[in-house]
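Working notes for the structure below.
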Amino acid sequence: MPRGLELLIAQTILQGFDAQYGRFLEVTSGAQQRFEQADWHAVQQAMKNRIHLYDHHVGLVVEQLRCITNGQSTDAAFLLRVKEHYTRLLPDYPRFEIAESFFNSVYCRLFDHRSLTPERLFIFSSQPERRFRTIPRPLAKDFHSDHGWESLLMRVISDLPLRLRWQNKSRDIHYIVRHLTETLGTDNLAESHLQVANELFYRNKAAWLVGKLITPSGTLPFLLPIHQTDDGELFIDTCLTTTAEASIVFGFARSYFMVYAPLPAALVEWLREILPGKTTAELYMAIGCQKHAKTESYREYLVYLQGCNEQFIEAPGIRGMVMLVFTLPGFDRVFKVIKDRFAPQKEMSAAHVCACYQLVKEHDRVGRMADTQEFENFVLEKRHISPALMELLLQEAAEKITDLGEQIVIRHLYIERRMVPLNIWLEQVEGQQLRDAIEEYGNAIRQLAAANIFPGDMLFKNFGVTRHGRVVFYDYDEICYMTEVNFRDIPPPRYPEDELASEPWYSVSPGDVFPEEFRHWLCADPRIGPLFEEMHADLFRADYWRALQNRIREGHVEDVYAYRRRQRFSVRFV
C-alpha cells in the first residue's frame with residue numbers, strides 16, 4: 001500500500017462524516033417549517049430519513065475507500081497509521097466525539113465487525129473528557145425578572161422564532177406565573193431568573209422551549225410544550241419544572257428531538273444540569289445522535305463491567321419464546337439475543353424479528369416503546385458469565401455463538417433499558433399503585449394504537465415499568481401496524497355446545513384479532529379485572545379498534561403528551 005495513503009483515507013472518512021452531519025443538520029433545520037405548516041406526516045417522514053442518513057453515508061465512505069485502495073487488503077500496521085492520522089485531525093474539530101463513532105462505523109462495515117480492538121477503534125475517546133465546557137457561541141440566553149415575571153416571560157415568548165399567531169399569549173403567561181408561584185413561592189420566584197436554550201426542541205406535534213429555572217436554592221428544569229390549535233394558533237400546554245418530569249420528556253421510550261445542534265457535545269453538557277439522572281448515552285439519544293449514543297452506551301457498559309464483581313445472569317421474569325434475555329444484576333440494561341429456534345406458536349423468522357425492531361427504531365415511540373441499540377459480534381469474557389446462563393446460551397442460541405476459549409462472541413444482540421416486568425410489578429403492588437399501573441398499561445395500549453402500532457402480544461409480561469412508574473412495551477416480535485389488523489367481533493354461537501368446544505365455531509384468518517378475547521388473560525386476576533373493566537373496558541370492543549383504524553386511514557395524527565392530562569393548563573386552571 002503506498003505511503004501517504006493513510007492520511008488520504010483519514011481525510012476521506014472525516015469528509016464523509018462532515019457530509020453526513022451536514023445533511024443531519026439540514027433535515028433538522030426543517031423542523032420549524034414542518035411544525036408551522038402542521039405537516040405531521042412530513043414530521044414522521046423526516047424522523048425516518050434522518051435516522052437512515054448515518055448508515056447511508058457510512059456506505060458511501062466504504063465504497064470510496066474500496067476505490068482508493070483498489071480492494072487490496074490492509075495489514076494491522078496500516079490501519080493503526082490511519083487511526084493515528086484521523087486522531088490528529090480531531091483536536092480542533094467541533095464534532096470530534098461523533099466523528100470518532102463514524103470512524104468506528106466505517107471500520108466495522110469494512111471488516112464485518114471483526115477485530116474490534118481499542119488499538120484500531122475509538123473504544124474510548126481520544127479527546128479530553130467534556131471538552132466543550134466553554135464554547136465560542138452561547139447555547140442559551142439569560143432573562144432576569146427586574147420588571148416582574150410577566151414581563152420576563154413576554155420577552156422570552158417574543159424572542160421565539162415561530163411565525164404563527166398566538167391564541168392568547170397573556171393567558172399562557174398568567175398560567176406559567178401561577179404555576180411558578182405555586183411551585184417556588186412568591187419570594188423565591190422574585191429572586192429567580194431563566195436561562196433559555198437558543199434553539200427549540202421539536203418532536204411530534206410540539207415545539208419545546210427548554211430552559212433552566214435558576215433559583216436561590218438550585219437550578220430546576222423549565223420546559224414549555226408549544227402546540228397548535230386546529231386554527232393554527234399557538235398555545236403553551238403546560239409548564240414542567242421537576243427533574244422527574246424533564247426525565248420523562250427526554251425519556252428512552254420517546255422519539256428523538258429535532259434540535260439544531262452544530263456542537264452536540266456542548267448541548268449535551270448544557271442539558272446535564274437539568275437532567276442529572278440521564279447518562280451521556282441517553283442525552284445523545286434524546287437529541288437524535290443515536291449512533292454516537294450507542295458508542296457511549298457501550299462505554300458505560302465497559303466502565304461498569306470493569307468496576308463490578310458481578311456475572312451475567314438470565315433476566316428476571318417469564319422466559320421469552322423468541323428472545324433470550326440476560327443482564328448484570330446491578331446494571332440498568334438488558335441484553336437480548338434471538339433464539340435459534342422459537343416456541344411452536346411463534347411462526348416467524350429471525351429476519352422478521354429484526355425487521356420489527358427496526359420498525360420500532362424508526363417509528364414514533366410515543367413514550368411507550370423502549371429504544372434499543374443493535375450490536376454485532378459482541379464479545380463477552382466467560383468469567384463474567386454465570387454457569388447457568390452459559391448453559392442456557394449454548395442451549396438456546398448456540399448458532400449465534402463462537403467460542404474463543406476465554407471469550408465468546410455473540411453474532412447479534414440488542415441492548416435495551418432494563419425495567420421491572422409488569423407482571424412482576426403487579427404481583428408486588430396494592431391499592432393506588434396497582435390502580436396506577438393498570439391505568440398506565442391501558443394508556444400505553446391506547447397511545448400505541450393511536451400511533452398506528454398494534455403490540456400483537458398484549459400479555460403483562462411483555463411490558464415493563466420504568467423508575468417513574470410509566471408502563472413501556474418492550475417485546476416486539478409480534479408488532480405490526482394497526483392498519484394491517486382485521487379487528488372482528490366473535491360471532492354468536494350457533495348452538496349451546498359451541499361455547500364448550502375446544503375449537504372455535506367461526507373461521508379465523510391470518511391478521512384476525514378478536515378484542516373480546518383480551519378479557520380472558522387481562523382480567524383473570526380478581527384484583528385486576530374490576531380495575532380493568534372500570535378504566536379500559538372499551539379495549540375489549542372491536543368497534544373501538546376499528547374507529548382508531550379509520551382515524552389513522554383518514555390521515556389523522558394524534559397528539560402525544562409527555563405528561564399527565566391533569567398537568568395540562570386547560571385541565572388544571574380552567
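Glycine residues also receive a Cβ, built from the backbone N, Cα and C atoms like all the rest.
What Swiss-Prot says about this protein:
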BINDING   Ala315, Pro316, Gly317, Ile318, Arg319, Gly320, Met321, Lys336  ATP binding site
ACT_SITE  Asp371  active site
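Swiss-Prot feature annotations superimposed on the structure.
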residue : record           : DSSP (3 states)
Ala315  : ATP binding site : coil
Gly320  : ATP binding site : coil
Lys336  : ATP binding site : strand
Asp371  : active site      : coil
>> Measuring Cα to Cα, how many Å separate Asp371 (active site) from Lys336 (ATP binding site)?
In response: 13
> What's the most sparsely packed of the binding-site residues Gly317, Gly320, counting other C-beta atoms within 10 A?
Replying inline: Gly317
> Near the Cβ of Asp371 (active site), how many other Cβ atoms are there if near means within 10 Å?
Replying inline: 23
> Of these binding-site residues, Ala315, Met321, which scores lowest on Cβ atoms within 10 Å?
Replying inline: Met321
> Counting other Cβ atoms within 10 Å of each Cβ, which of the binding-site residues Arg319, Lys336 scores lowest?
Replying inline: Arg319
> Can you name the residues of this chain that are 6 or more positions from Pro316 (ATP binding site) yet have a C-beta less than 8 Å from its C-beta?
Replying inline: Pro421, Ile424
